[in-house]
Amino acid sequence: MLCESEARSTLADPVPMAYLSVDAQGSSEVSLDDITINSSAGTVEVCSMKPADDPKTERSQMNKTGLASSSRPASNVWTTQQDGEVKLRMDEEGMGSEAPKTVHEVFQEAVSKYGDYYALASKKNGQWVKLTYKMYYDKCWKAAKSFLKLVLERFHGVCILGFNSPEWFIADIGAIFAGGLAVGIYTTNSPEACHYVAENCSANILVVENHTQACRKSLEIEHKLPHMKAIIQYGEELKEKRPNQYSWREFLDLGEDIPDSQLREIIESQKPNQCCTLIYTSGTTGQPKGVMLSHDNLTWTSIAAGRSLMLLEATEKQELVVSYLPLSHVAAQMIDIWLPVTFGGQVFFAQPDALKGTLVDTLREVRPTAFLGVPRVWEKIEEKMKSVGAKSSTLRRKVASWAKGVGLQTNLKWMNGHSEVPMNFRLARQLVYKKVRKAIGLDRCTKCFTGAAPISRETLEFFLSLNIPVFELYGMSESSGPHTVSIPQAFRLTSCGKEMAGCRTLIHKPDADGIGEICFAGRHIFMGYLNMEEKTKEAIDKDGWLHSGDLGKCDKDGFIYITGRIKELIITAGGENVPPVPIEDAVKEACPIISNAMLVGDKAKFLAMLLTLKCIINTESGEPGDDLTAEAIEYCQKLGSKATKVSEIISSKDKAVYAAIQAAVSEVNKRAVSNAQKIQKWVVLEKDFSVGGGELGPTMKLKRPVVAQKYKDLIDEFYADANTPTTTEERTSAVMWGGRKLPLVHSIVSLGSLQQIQRVLQK
């Protein structure tokens, strides 16, 4: 990684040649006029053009680089027009010099290499129904022809709303083949949010899973969408027939009279530097932004990520993955759709209630070789394992404790370059680790990943102690998914790894500790935000660097560490910048009964915290209940509390539990770098955060603006007293709220003074 001045000058310094190959069989070409190539440490921009009509003319237009001249070169590395073209960023050698390809070209290669291998597997009536890569491609081709029959216009959206399924994949890729834009919509979106996305991408077609979505969302907004032409329902048969509404079976038959040549002509006109997919951001602070991803964004990133992650091609050993994360998210699309197509992996679809409790059942049945879990998924597995462990015999618990100690120490040594395998580790592997992996379905999994949100060190160490290293990935929608990856050979706890081959990283305006904004460059950088020029200019600077909005640093070995979000930084009234995540994680680690923690105090005189307790989630609705988890109950019992419900703790102001929380907060405060970073007040909320409640996003990421608005009155009460606590006893007294009780919730900490807490802890 270069310093900022070197990095910027490198990107701005062109060199004269691109090393690219052109497929002689009529695939997309690359125009030299559309290329700006920089030195090997910098970037190159590339795009392709339509094949020439006359092969002789085509050859005459080639120069010594093997690139065709273009009459209409792309003029910039970004665009905001859905039919726009961009310069692709290529290197003169290495991973960044790979020839640009369209989605169709990559899929054709997959069929050629992996045609008879299984690609997709979904459960029908309790049995796995599988499609080979040839069958998968044929269905995408049929879907594309049916989209053309429905008069899908070039660069107009096909919105897909539903849980992961073969139909979701086929609709997505079929839309791209047909020249449209594949657009995922979160199933949790309101009709208003669905309308915004569909209108923003000029959607022609809406593909939904079931009758509920068709009626409550699509039909409610259909009349407001001038470009809408049809609604397709794939998860169940139509309950009532409406004009321009089709079942999945009817839809696939629609295009039978569309000649293959018509679709082939559209496919051959596609270029790697054109948009094919839109990923909509969550829009927690405004309307969602449509992240435009090109063919090259998807195809290049998938091969770069796969090689960096050491994925195996199916011809060597087929990778197996479980699809369950929302496909509207770029991480799920890259892991579930594009990486498998590129490397011939087999995708198994989990049940729709996977995140409500059935995921582990699917993992045990499939036994994947690679698995991506967002932090909340890993935390839930951790909680479940701890709950089961708590019910074991004393002997089993002692053996497990010993094995975890051995596992953590051995893996930490491996992480730092040691290679020996101690005898006690081998014994622990036979007695504990193998059984644990089998119990959660990860006994064949050599690649366990986490991403999309910060994960705590405690959770990483828990799995590491069981010989399950969880490797962090880091990126964003605007980088087509991953930018950095962790692998067994390059792994550090709390680091998100090293940049992928062909990618570059810049720490913008680093402070004395080397912490600054993380910026990206490479072929994975998005085209722009659809119809949002100013937002695009804010994201991509004049030198072509994508500003992530994340704060971080890079160590001497090239490992990148994320320290917080610029927008999430709490700036106190005294002007001190406070990253909330490390403080929140520290409180959760210090007090095992805490489920979620959110620090507040922006522009305020001191910090305060909202807390929730670990409770059992309703497997049907996904809503947090009142019953404490087994782990939480065990923790209460150790404290001397008989509580088994959240409401019992809150209504009685359970002294043992509240004192333990305060002790944890005090312990965290002792490690604070300044008084401004100490938690002065806290409150326990009556209900845990959830996707349904709006506090968590589809990937379980905390939506701070939503929480802040939802609990605005309560947060305001934190600061109702204008005086900032200054002494230890005054601070503690402030934490206890002086016995006041608010009407909004009944969980305000009100134990009284510091001495009162100490007496409880001493019992």
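Note that Cβ sites are derived from N, Cα and C of the backbone, with glycine treated the same way.
Taken from Swiss-Prot, the feature region 'Disordered' applies to 47-78.
Under the heading compositional bias 'Basic and acidic residues', Swiss-Prot lists 51-61.
According to Swiss-Prot, the compositional bias 'Polar residues' annotation covers 62-78.
A strand conformation is recorded for GLY475 (ATP binding site) in the three-state DSSP classification. Summarising the annotation, Swiss-Prot assigns ATP binding site to 281-289, 472-477, ASP550, ARG565, LYS678.
Cβ neighbour density within 10 Å is lowest for ASP550 among the binding-site residues GLU472, ASP550. Every protein chain considered, the tally of other Cβ atoms within 10 Å of the Cβ of GLN287 (ATP binding site) stands at 13.
There are 26 other CB atoms within 10 A of the CB of GLY475 (ATP binding site), with all protein chains counted. Of all Cβ atoms in the shown protein chains, 19 besides its own fall within 10 Å of the Cβ of THR281 (ATP binding site).
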